[in-house]
Amino acid sequence: MQAYFDQLDRVRYEGPKTTNPLAFRHYNPDELVLGKRMEDHLRFAACYWHTFCWNGADMFGVGAFDRPWQQPGEALMLAKRKADVAFEFFHKLNVPFYCFHDVDVSPEGASLKEYKNNFAEMVDVLAAKQEQSGVKLLWGTANCFTNPRYGAGAATNPDPEVFSWAATQVVTAMEATKRLGGENYVLWGGREGYETLLNTDLRQEREQLGRFMQMVVEHKHKIGFQGTLLIEPKPQEPTKHQYDYDAATVYGFLKQFGLEKEIKLNIEANHATLAGHSFHHEIATAIALGLFGSVDANRGDAQLGWDTDQFPNSVEENALVMYEILKAGGFTTGGLNFDAKVRRQSTDKYDLFYGHIGAMDTMALALKVAARMIEDGELDKRVAQRYSGWNSELGQQILKGQMSLSDLAKYAQDHNLSPVHQSGHQELLESLVNHYLFDK
């Protein structure tokens, strides 16, 4: 079959001085960073949905892209054509992983029977493509938000029949993920929230969502799926308020239903922006709570109130993110999935490459800066100094539960305590980070 991206062999590393827009300037898969290959640190993935399913439509305009697999025709044939182009893209971009929703890769059909038959046929196609290309599945998931049946949610829907349909999709998608060697399975509650409290029973919906997640965990163990289950937090859009608002909110939810040891988090940069947080904050929070799993690498626009899903281009922002990830030991089953799309006006098919190449170079530079921060150790040293008092006898007695509140009150009085505030040196630390970023 004729190549779709016929003007490109494969994207390769050419170094920082290259002027070739279809080459990497900073991402060298085999370069060692802290003793580990760059590819193994970053674990890049390209997503199926934005890259091959979006037709360029928005709230104010119809599809702007001319994609052969999006033209009228027999649905399964077009899905197979899309898979051909997708794996050509993954191979030529030189990414080790990809991600999908069930209906990204397969026609949904008019019934559950059609859905399952179509998906089974396309999973065979994907398995063959993976074997041929060497590209692996980072994670799979089920789209339980696009079809009109999910207008009031999937797991939180007031109709248990909709809940059951969603369960069928998750069962099918998780089993497909297992068969394809997927390393994670993601749960994103696109419509698990509310538009108005006037018709919403918050306690009922929370109980439904908790039971659904418990059943997902049960099914994972039943089928022997060895990957990681991930929830992807988002505060709103398409609903007014979503129950998986941010990392801290999801932690509280998981604790309530006894799932904090079973499910981790897939953190998206743009969702952090929508929640009023920095990307750095959400990553650091997930790590502090023991829930860090994977990353959807993109960026939002702080001046806009919706999910713009742009490609990451800030080394400053992502260096701090990679610093937290490296300190925590790096990715295990997770990776950096580019949940990002070209702009509607970017109608050249090679714009897909320009967006991903720039993003991969950005994350490679961020990794190198983070490695310098780790190797130098100054930032870590200053944080340790700031909290060093907690290593004292008093600090340890407090943390180990050996002193009560009244014991502490007596201690303060007996020792005539008069502590003096110590500078946090924020400006110094910000300058230190700039040193890592910009000084050679």
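From the backbone N, Cα and C atoms, a Cβ is placed for every residue, glycine too.
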Candidate sharing the Mg(2+) 1 site with Glu232, Asp296, Asp339 (per Swiss-Prot), from Glu205, Glu260, Glu262, Glu268: Glu268
Neighbour count (Cβ, 10 Å) for Glu232 (Mg(2+) 1 binding site): 22
Site of maximum Cβ density within 10 Å, from binding-site residues Asp307, Asp309: Asp309
Additional residues around Mg(2+) 2, ordered along the sequence, whose Cβ is within 8 Å of the centroid of Glu268, His271, Asp307, Asp309: Lys234, Ala269, Asn270, Thr273, Leu274, Asp296, Asn298, Gly300, Thr308, Asp339
Residue pair Asp296 (Mg(2+) 1 binding site), His271 (Mg(2+) 2 binding site) - Cα distance, angstrom, rounded: 9
Nearest-integer angstrom distance between the alpha carbons (Cα) of His271 (Mg(2+) 2 binding site) and His101 (active site): 18
Cα proximity to Asp309 (Mg(2+) 2 binding site), best match among recorded positions His101, Asp104, Glu232, Glu268: Glu268
Cβ atoms near Asp104 (active site) (within 10 Å, other residues, all chains): 21
